[in-house]
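Following: one structure in structure tokens, then a few remarks.
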Amino acid sequence: MTETTDVVVVGAGVAGLITARELTRKGLNVVVLEARDRIGGRTWTDHRLGHDLEIGGTWLHWTQPHVWAEVTRYGLDVTRGPRSEETFWLAGDEVRHGTLEDFMELIDPGMTRLLEDTMKWIPRPDQPLKVREIAEVDQFNLQEMLDELDLSVDERNANEAAWVGHFNGPLDKCAYTNALRWTAAAAGSWHLMHEASAIFRLANGTRSLVNAIAQDAGADIRLGSPVRSIEHDADSAEITYGAGETIRAARVVITVPMNTLHQLDITPALPEGKIRPSLEKTGSRGVKAWIRVRGPIKPFFAYSTQHHPLSVVRTEYINDTEAVLVAFGADSTRLDVNDIDAVREALKVWRDDLEVLETTGHDWMADEYSQETWLIQQPRQLTQYLEAQQQNTGALHFASADYANVWPCFIDGAIESGFNAAREIYAAITASAQLTPAT
Ligand SMILES: Cc1cc2nc3c(=O)[nH]c(=O)nc-3n(C[C@H](O)[C@H](O)[C@H](O)COP(=O)(O)OP(=O)(O)OC[C@H]3O[C@@H](n4cnc5c(N)ncnc54)[C@H](O)[C@@H]3O)c2cc1C
């Protein structure tokens, strides 16, 4: 027999858990169907290399309004990694060595010129399509825009590597408008954008945030319950999941990542504006690696180029005997983060004095329930698809960091989208004559 409930949420990542919390607090019955055997989705704190490491999303900031409100709500502690005492970068094949300030000075002219029109194109980051002429710049990839600047080899490598750290993909696949959106969210300051996206993390891991939201939600969260198909009309939907169980709901919230959406068997089919970007895929397709090395070493930061398997590496944990580094590369097919020899080799671009003891990470690109790391749109995806991606289709609503306005692809964006979906669903349910929310 088919079970019934008010709302089904597909996915127990941050967007899904926020939607569930907001709706249960309004008195609705909510069932969350999660494919994995854990909650959190692309945030995942796991004990490896002797630390609680963030395998997925990590950094957050007080300029990110939605996530910071959650930090305050649950009284979560925020911390940071050690300050870098030395920095390495490349000029051609030559390794340069200096301070982090030297490196920031090196990239500053390129960053400033690249982003000088940010607030012209995106005066309101909460409305990224407010200036309709943004379609003119949305056709460009970041590489083209960097090439226009005619930077010296030093500056070019450094700027490219810094952007790989941000975009986790080949720069010719990533739309320039992503850079504008991130910088607009930081009020036009690239320095603030840089800080907001890569310095401060939760002292007890993203796990502490995710668990707090889930406990507060009090929803019926069913792990190991992949959704297979959804049949829907204007008033309700029937979902088939797990080993063939069915459940009917007045509203469904789909929170699966953009790259996986097209795989859900949905009848009637979703509009083109939702399916086409899912088939085209994101521009981001990179890796995040964790690396344990023998100490003592000084905390350091290093940038290579976008063409190296690892473009950025830095010290995130350190003591007298060892350090744990975090690193990013543009292309997951170029580096298996669990292959210690490959990682050791990748580090040699900067220094061959590091003794690599252990490495770890997760191949989010190969993971069937993510197939992406954090969303960076390809050229034209913002202007062609975002509006359609945010809209509901009858009883189906969509929440995901991938479809957020202010900090798209961040934990903050997942929360923003969860709030929006919950508000719309509550309004729709209470407006419907046939449906009386449980109290
Ligand atoms: C390596 C990495 C580093 C990152 N770094 C940062 C960072 O430093 N700061 C930051 O703010 N953000 C970062 N992010 C991005 C951030 O983690 C994500 O944007 C955010 O967590 C996405 O939340 P979500 O709820 O929208 O999607 P998800 O977390 O992907 O949640 C979707 C859920 O749906 C489930 N699901 C998928 N298919 C099905 C199905 N068929 N049936 C049922 N369930 C299904 C998934 O298992 C998942 O739990 C990073 C991400 C990665 C991967």
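The backbone N, Cα and C atoms fix where each Cβ goes, and this holds for glycine too.
Just so you know, TrEMBL annotations never went through curation; they're auto-generated.
Under a cutoff of 8 A between CB atoms, and with a sequence separation of 6+ in the same chain, the neighbours of E34 (FAD binding site) are G11, A12, G16, I221, R222, L223, G224, S225. Sequence annotations record features per position, and here TrEMBL assigns FAD binding site to E34, A35, V227.
Taken from TrEMBL, the feature substrate binding site covers F328. DSSP gives F328 (substrate binding site) a strand state.
Taken from TrEMBL, the feature domain 'Amine oxidase' applies to 14-425.
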*asked:* Distance check, please: Cα of A35 (FAD binding site) against Cα of F328 (substrate binding site), rounded to an integer number of angstrom.
replied: 27
*Measuring Cα to Cα, how many angstrom lie between V227 (FAD binding site) and F328 (substrate binding site)?*
31
*What binding-site residues in E34, A35, V227, F328 place CB under 6 Å from ligand 1?*
E34, A35, V227
*Would you measure the largest Cα separation among E34, A35, V227 for the FAD site and round it to whole Å?*
8
*Setting E34, A35, V227 aside, what same-chain residues sit with their Cβ within 8 Å of the center of the Cβ atoms that define the FAD site, listed in sequence order?*
V10, G11, A12, L33, R36, S225, P226, Y241, V256, Y369
*Distant-in-sequence Cβ neighbours of F328 (substrate binding site), under 8 Å, six or more positions away*: V164, G165, N168, G286, V287, K288, A289, L310, S311, V312, V313
